[in-house]
Structure formats: structure tokens, C-alpha cells
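As C-alpha cells, the structure follows; a few thoughts come after it.
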Amino acid sequence: MKQVSLRLAASLGLLLAATAAVIFATFDAQMFIHLRALRLWAVLLVLGLVATGLYFDAYRLKRMAELAGAAVTLKQCVPVILGNYFFALLTPGATGGPVAQVALLRKAGVPVGKATVLAVVRTLLSLFVLVLCLPVVVYLDDGIAAWFPKHLAVGAAMAIVVAGCGMLKLMRVRRFALLFKRVACRLLPGKARQLLRFFRDLEAALTLLGQNGRGLAEAFVYTIFSLLALYGIVPVLFAGMGAPVAWGTVLGRVVLLNFVLYFAPTPGGAGVAEGGFVFLFSTLYPASMVGIAALLWRLFSEYLPFMLGFIAMVRVFGYHFLKNSQLLAADEGGKCG
């Protein structure tokens, strides 16, 4: 109970600090005008987009569970998705999210091995969509050239795509996988157990992804629908405040920001998300409008699912889950050979 309470307090403190920083950096006399200009239809549409994004995320998980030979219902998948949001916001680098997914899938009757693989595959699919979009986003957004030469930015994005796909392909070659494990264990001996657990789960996830091409294609499409709905929140917020919206540019920058957030060290990307949002969109819209959009974006896309996730965890585990600190800690099995 004490550990979870401390994490809640720390996350709340970081959230308030990030909110205060955004307001301080973007406040001017126009802020309240922009806030009053926000239309009710935009708020309702945003809520609809959140529900749509979460629905497709849950349906994707259900489909992947079927591919893995586990029978779960859509009703059982929804708490898994919401629990991921809840624990991701409590742990550095959102590391608690996959742990919560595994715990909730186990509660739904999925063996721990399959539950772990499903959590990894879910992350890989989302990250893969973002990686594929990066070169297109960088190439089409002329504003990025103000920060980096376009040819370098596109080259870096393509390098990420090639490196990521190449690494996943090589991980399926047993000799390379064994060599990679040994090198990683020697370079980072203190993280050996965590690395071996990661490699084990990654290998199992890649095996699952390669077993059923049609099922994988379905899950990939559901991933696109889910991300498109959730990322559509940002342009709708700007449109709701009466601003003209270049949908391709705005969605592209949301993709870029969310890719960065996968590697943010703070709980749920707090601070990094707000700062990155202001940085990316301040060249497109007035600062005060960007500040409002940043706070509302986080409210609807992260904090609302976070609160729903807390309710889901209580309904599935009861209040005693707050006393179970193991939900916040990953298994450390494995050793270097």
C-alpha cells in the first residue's frame, strides 16, 4: 500500500509540475479566449475518439490472444488495456504497463507465458506502425527542416526502420540471438537477468507474429485504427478552438511525439509529453492555444484512461491490489550462459 501510495503521489506531483510548466510557458491574455472558444462538439468527438481507440486496442488484444490459442472475451480485454494506462503512469518509463497487462490476462485465465508474449506483441505492433510512419512524416513536414536538414532527418528515419526490421529478422536466427545475448550480458552484467527475460519474451513474440500472416495483418489493421483514433484527438482539439488544421502535418507531429514517448524515462512520459507537444506545435499555432491543447490532450488520452484503469483494477482485484507490490515489479528470472 505504501509503495503504490508513494508512486501515486510522485506521479501526481510530476503531473502538476508539468501542467504548471506548460501554463507558465504558454500563458497570455488570449488563453482564456481560446479556452472559451472550444466547442462542445469537439469535446464530444474527442470522447468518442478515446472510446474508439480503446475499443480497437482491446479487440486487437482479443484477436492476438486467439492467435496464441488463448480464449478471452472483449469484456476481459478492456480492463487489460485500461490497467496498462494505470500502471504505466505510476512507473518510470511506463515499465509497469506490461506487468499490469500480464497480471490482468492471468486473471482472465491466460497462462503467464502467453500473457507475457501478448503484452510484448501489443507493444511491438504499435511501435512498428510508428516506425513505418516516421520517414513519411519527416519527408512531408517541411517545418522539420527548420530543426534538421531534411535529407538527414529522412535518412535517420529510414535508418531506424531498417535497423529495427533487421534486428527483428536477425533475432529469429538462433546463432545471432545467442551471440547477441552473450554480448549484451557481458556489456551490461548488472542487467543480465532483465535482458535475458526481454530476449526470451521477444523471441516468443516474434514466433507468434510469424505463425499466422492473415491474423497478423488483422491485428496490424486494428493497431492502425486504434492509433488513428487516439492521435486524432489533437487535430480535433485545435479545430474545436476555431483554428485551421492541416491534418497531415498535425497527425504527423503527433506520430513523431508518440515515437519519442516510447523512450521517455518519466512515468507515462509526464513532462516529456507536454514539453514535446509545445515544442512541436508552437510553430503552427499561438502559444496559449498550444498550451490548452497540450493539457487537454493529456487529460483525454492519458489521465482519463488512467482513472478508468484504476476503477478496472479495483473491480478485477479489489482494493487489496494496492497492497500487492509485486504488480509493480517484473520477474527477474534467467541467467547468462
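Here, residue 1 is simply the first one shown, and the rest follow in order.
For all residues, glycine too, the Cβ spot is worked out from N, Cα and C.
Nobody curates TrEMBL annotations by hand; they come from automatic prediction.
In TrEMBL, the feature transmembrane segment is placed on 276-297, out of the ranges 188-209, 276-297. Under 8 Å from some Cβ of the transmembrane segment (245-264) lie the Cβ atoms of residues 93-94, 127, 130-131, 133-134, 136-138, 140-141, 143, 227-228, 231-232, 234-235, 238-239, 272-273, 276-277, 280-281, 284, all in the same chain and six or more residues away from its ends. For the transmembrane segment (219-239), the partner stretch with the highest count of Cβ pairs under 8 angstroms, out of 37-56, 115-140, 276-297, is 37-56.
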